[in-house]
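Q: Starting off with a structure, shown below.
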Amino acid sequence: MNFGKVLTAMVTPFDKHEEIDFQALDHLIDHLINNGSDGLVVAGTTGESPTLTHEERIKLFEYVVKKVNGAVPVIAGTGSNYTKASIELTKEVAKTGVDGVMLVAPYYNKPSQDSMYEHFKVIAESTELPVMLYNVPGRTGVDMDVSTVVRLSQIDNIVSIKDASGNLEKMTNIIRLTDDNFSVYSGEDSLTLPALAIGADGIVSVSSHIIGNDMQEMIQRFEQGQVAEAANIHQRVLPVMQEMFANPSPVPVKTALNLQSVPVGKVRLPLIELTDEQLQNLQSVLSDFEHSKMI
C-alpha cells in the first residue's frame, strides 16, 4: 500500500507548560502539507511518543484527523513493547478515523524473531486498519530479519514497513521478496535517494519538516530519469539531514522549526535543549543551505 512519497514523522508541539499546543499543531500541519508532505505519521519517535500519555495520544490523533480532513493520509503510532497495550490503543485509535497505524518493533524486551512475528500478527489481527511495521534497531535493541518481514507481509493488512536499519542490502531483499503491493519506506533521511535507487517507495522523514519541497523535487527528478539532477539535490540537502540527527531527535528539528517561525516549543525530559555550540552549528548548516539554493 502506497501512502505517498514523503511521509513526515511529525513532531508534537508543546506549550510553555509542556502541554500539547493545539494552536501550534494547527499551524504545523498547514506548514507540512504546504511544504511537501504526502502524509503524516503522528506520535512516532519524532513525536516523542514515549513521553505522551494514552489520553494525549488519542487527543492528538483526533485533532490531526479532523484538521487534515482527508487531504493526506494520517498514520498513528500505536506500537508498544507490551502487546496487549498496543492492541487496546490500536482499537481505540481506529475510532478516530486514521488511515493506518505504525507498529514499532518491541523495545527493551529483546524478543526473538518468532516472538516479534507473533507480536505483530496478533495486533494486526485485532484491527482492520492498514499496518506499517517499524524497524529501528538503533532504538529498540532488536533488528527484524528479512524473513520475519516477509512472513508478516503475507498477513492481509500488514501493508508496509518503515526500515530505519540503514541496511540497503536488507531493504533490497525485503523489496525483492515481498509482493509489489507491500510498500517499503526508508526511515533514514540520508538514504532517501539510495533507497529509491533500489526500489523503495519513499521516505518516512524528519528532515521534511524543513526541506520537504526539496525532497519532493529530488524524488521527482529521480523518477523522471534525471539522476544527476537528483544527485545534486541529494548532495545539497545531505548536511541538513545529517544535522537533524547530530543530536538526539527531535531536538534539532524542533529547534530548526522554531528558528523558522514554525513554533513547536521545547522537548520533554529526558531530552534537553541544544547547547549554545550545538545551536550555532545548526544555524550555520541552515544558513549554508539557504545560501546554496541561491547559487
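Even glycines carry a Cβ here, placed using N, Cα and C.
Sequence annotations record features per position, and here Swiss-Prot assigns site 'Part of a proton relay during catalysis' to T45, Y108 based on sequence analysis. Look at Swiss-Prot and you will find T46, V204 tagged as pyruvate binding site, backed by sequence analysis. Marked as active site, proton donor/acceptor by Swiss-Prot: Y134. As annotated by Swiss-Prot, active site, schiff-base intermediate with substrate applies to K162, with the evidence given as sequence analysis.
What does the local environment look like for each feature on the list?
A: Under DSSP, T45 (site 'Part of a proton relay during catalysis') is assigned to coil, being neither helix nor strand in the three-state scheme. For T45 (site 'Part of a proton relay during catalysis'), the Cβ neighbour count at a 10 Å cut-off comes to 22, with all displayed protein chains included.
Neighbour list (T46 (pyruvate binding site), Cβ cut-off 8 Å, at least 6 residues apart, same chain): A9, M10, V11, V206, S249, P250, V253.
Under the DSSP three-state reduction, Y108 (site 'Part of a proton relay during catalysis') is assigned to coil, being neither helix nor strand.
In sequence order, G44, G77, G79, M102, L103, V104, A105, I161, K162, A164, G187 are the residues of the chain that are 6 or more apart from Y134 (active site, proton donor/acceptor) and have a CB within less than 8 Å of its CB.
The Cβ of K162 (active site, schiff-base intermediate with substrate) has 26 other Cβ atoms within 10 Å, all protein chains considered.
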Q: For Y108 (site 'Part of a proton relay during catalysis'), just count the other CB atoms lying within 10 A of its CB, please.
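A: Other Cβ atoms within 10 Å of Y108 (site 'Part of a proton relay during catalysis'): 9.
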Q: Under a criterion of Cβ-Cβ distance under 8 Å and sequence separation of at least 6, what residues of the same chain contact V204 (pyruvate binding site)?
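A: Counting only residues 6 or more apart in sequence, the Cβ neighbours of V204 (pyruvate binding site) under 8 Å are L7, T8, A9, V41, G44, K162, Y185, S186, G187.
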Q: Cα-Cα, whole number of Å: T45 (site 'Part of a proton relay during catalysis') versus Y108 (site 'Part of a proton relay during catalysis')?
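A: T45 (site 'Part of a proton relay during catalysis') and Y108 (site 'Part of a proton relay during catalysis') have their Cα atoms 15 Å apart.
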